[in-house]
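Enquirer: For reference, the structure I am asking about is given below.
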Amino acid sequence: MPTISVNLTTQKYQIKIENGLATSIGREVQRVWSVRKIALVTDTIVGPLYQAQITEQLTQAGFQVTVLTIPAGESAKSLEQAMSLYEALLTANFNRSDGLIALGGGVVGDLTGFVASTYMRGLPFIQIPTSLLAQVDSSVGGKTAVDLPAGKNLVGTFYQPELVLIDPQMLETLPQRQLVTGYAEVVKIAALVGADFWNLVQQIESPTAILDKAPELIARSIAYKAQIVMADVQESGQRRLLNFGHTIGHAVESLADGELTHGEAVSIGLIAISRLFEQPTQIAAQLQTVLERVGLPVTHPLLQSPALFEKIAHDKKNQGALINIVYLKAIGQPTILQLPLTQFSAQLKMKQRSF
């Protein structure tokens, strides 16, 4: 299975993708870290599945492991939970020569990365993502964040892991809804890339097929994202392409207040933005076919909400009174359009009822 290298100006690290890799965690961590204290951060769902075996491997490799368990779910991605982890690290006498490992989905990875980047001005950390969403998206690229009541990811840093270890077989323990929600990000990237990757997702007709093709789907998604990240670490240019579907998707997700998963909101956002900037190539229809096959939603009543634009207007990706919109001219042909928020608002209101 592939190993993808991320080579940045200030740091290099590897992303290893291999079935059964969960049985070799101790050896893999030994390759990048000397013996030290490790805080293994996990949640109340993933912990009971994998925490014991990974703790045992790390201990056998000579590491001193402290397990820190957070509640499962988006609500744990908070400043309050970060403070709880800071205090636990202080109690266990962690310093900058020690390290953190994130074992879980996107919430665990985002929170652990944020704590690693800020505790004592930075501790090394490793990602072991266990959900498809985390494996193809949040574990790669160095974005860390916590949420505020006003919205998602409003406090965060850019901070790269020192290693990412991905075992596609871990996806077999995911509930189907969580598997499918991660697939929305795969479809997003495949639509940006086009060509063989788009042909591959067109062959996926069920959640079972996602599992069957998981190693290839993960590797292709990460290869593209790593290429983008290496060219634009802090999202000042090309990396904005990865926000395809997220402008409206994040707003809907915030308004849904936990009713929708991130991937479900992105799926809705992909269709909405494609309808808003419809092309002769019928992008929305092509995306809808691929998304609906696995049970992802493509519309939602909240798209009609008067509060939708207010959420979009407070998106952290905006630049003053300007908004950067990513849409496709055709599959594999993404473009970034910068518009005044007032113009986008008018265009949104004009087509909002058709969503």
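Placed from the backbone N, Cα and C atoms, the Cβ positions cover glycine too.
Note that the structure is predicted; figures quoted are calculated from it, not measured.
Pulled these from Swiss-Prot:
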type: BINDING; residues: Gly106, Val107, Val108, Gly109, Asp110, Thr130, Ser131, Lys143, Lys152; note: NAD(+) binding site
type: BINDING; residues: Glu185, His246, His262; note: Zn(2+) binding site
Enquirer: In whole Å, note down how far the CA of Lys152 (NAD(+) binding site) lies from the CA of Glu185 (Zn(2+) binding site).
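Expert: Cα-Cα distance, Glu185 (Zn(2+) binding site) to Lys152 (NAD(+) binding site): 17 Å.
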Enquirer: Just to be sure I understand the packing, how many Cβ atoms besides its own are within 10 Å of the Cβ of Ser131 (NAD(+) binding site)?
Expert: 28
Enquirer: I'd like the number of other C-beta atoms within 10 A of the C-beta of Gly106 (NAD(+) binding site), please.
Expert: 25
Enquirer: Do me a favour and check the Cα-Cα span between His262 (Zn(2+) binding site) and Lys152 (NAD(+) binding site); whole Å is fine.
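Expert: Between the alpha carbons of His262 (Zn(2+) binding site) and Lys152 (NAD(+) binding site) there are 10 Å.
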Enquirer: Translate the DSSP assignment of His246 (Zn(2+) binding site) into the three-state scheme.
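Expert: The three-state answer is helix.
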Enquirer: Cα-Cα separation of Ser131 (NAD(+) binding site) and His246 (Zn(2+) binding site), in Å?
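Expert: Answer for this pair: 19 Å between alpha carbons.
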Enquirer: Using Cβ-Cβ distances, find the residues under 8 Å from His246 (Zn(2+) binding site) that belong to the same chain and are at least 6 apart in sequence, listing them in sequence order.
Expert: Val266, Gly269, Lys317
Enquirer: Can you tell me the three-state DSSP label for His262 (Zn(2+) binding site)?
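Expert: DSSP call for His262 (Zn(2+) binding site): helix.
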Enquirer: Under a criterion of Cβ-Cβ distance under 8 Å and sequence separation of at least 6, what residues of the same chain contact Asp110 (NAD(+) binding site)?
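Expert: Long-range Cβ contacts: Lys77, Ser138, Lys143, Thr144, Ala145, Val146, Asn153, Gly156.
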Enquirer: Provide the number of Cβ atoms within 10 Å of the Cβ of Val108 (NAD(+) binding site), excluding the reference atom itself.
Expert: 32
Enquirer: Might you list, by sequence position, any residue in that chain lying six or more from Lys152 (NAD(+) binding site) with a Cβ less than 8 Å away from its Cβ?
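Expert: Listed in sequence order, they are Glu74, Ala145, His250, Glu253, Ser254.
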Enquirer: Drop a 10 Å sphere on every Cβ of the binding-site residues Glu185, His262 and tell me which sphere holds the fewest other Cβ atoms.
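Expert: Per-residue Cβ counts within 10 Å for the binding-site residues Glu185, His262 bottom out at His262.
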Enquirer: Would you mind pulling the DSSP three-state label for Lys152 (NAD(+) binding site)?
Expert: strand
Enquirer: In whole Å, could you give the widest CA to CA gap in the NAD(+) site formed by Gly106, Val107, Val108, Gly109, Asp110, Thr130, Ser131, Lys143, Lys152?
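Expert: So the binding residues stretch over 21 Å, Cα to Cα.
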